[in-house]
Amino acid sequence: GPGSYTVGTMSERFDCHYCRDPLHGKKYVQKEGRHCCVKCFEKFCANTCMECKKPIGADSKELHFKNRYWHDSCFRCFKCYTSLVNEPFMLRENNKVWCSNCTAAEDAPRCKGCFKPIIAGDQNVEYKKMVWHKDCFTCSQCKQVIGSGSFFPKGDEFYCVSCHEHKFAKTCAKCKNPITSGGLTYQEQPWHSECFICSNCKKQLGGKRFTAVEDQFYCVDCYKECVAKKCAGCKNPITGFGRGTSVVNYEDESWHDYCFKCTKCARGLANKRFVCHNGKIYCAECPKRL
């Protein structure tokens, strides 16, 4: 306790400084050169306990810190009520004392999952100024622990790779499986690159020229060889690529537009009048000369 007063039993003739009662043979307190009975000491001189707000009597053990006083039995942690006599403590707001463990827990960041403090040494996950215990960071869909694994954020929710694929990823038009990375789009439909291939040679068509025929895709070479009609003039495939993209069709035969010409004068007849005689094509003038 404070060393500013002494307690003893009076053996000489003295009166209480406050109530003037004789102190001979009675217990008294001497403070600042004055003698007073125990009752007056508690009424006029005793310090008030910061916790219970009662006076700290002459017979009580007193603890003090920065002009604040406590009964030794009142000097305990505000949070866990552990006695702090001879223990490290912190004086916090409203003059409340906290033990070091509760102080650390109170000042620690709170887990966004369980809202409990994350103490130093706890395994945790941090993302955009938010923090979780490792076991509290779970998938919003399957509720399995993501921990330190890969995840996908969607607003305030987080998904493991598997759940994100099934819930959000685009589905390949061919194999119907999720497209997790890469891929391409044709006619507003998504495809895996490895699924968008030539129907004949199986080569990938991403970034290459191709032709679609009745929901089948062909590279240029396979289209020429397996699908394209042959020009009735030059006998080469009509592919629609490069020179001769326009095609002339007549009855059951087809021509490159530059191959559709008069058999006699070789005049180009695409988009012009022509005459078919004995299976051959002529301009409107040449049959008259035959």
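Cβ coordinates come from backbone N, Cα and C, glycine included.
Keep in mind the model is a prediction, meaning the values are calculated, not measured.
Per TrEMBL, the features are:
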type	residues	note
DOMAIN	47-108	domain 'LIM zinc-binding'
DOMAIN	109-170	domain 'LIM zinc-binding'
DOMAIN	229-290	domain 'LIM zinc-binding'
With DSSP helix as H/G/I and strand as E/B, how many residues of the domain 'LIM zinc-binding' (109-170) fall in helix, strand and coil?
10 helix, 20 strand, 32 coil
Can you work out the mean pLDDT of the predicted model over the domain 'LIM zinc-binding' (47-108)?
82
For the domain 'LIM zinc-binding' (229-290), what does DSSP give as the number of helix, strand and coil residues?
4 helix, 20 strand, 38 coil
So, by DSSP, how many helix, strand and coil residues make up the domain 'LIM zinc-binding' (47-108)?
11 helix, 20 strand, 31 coil
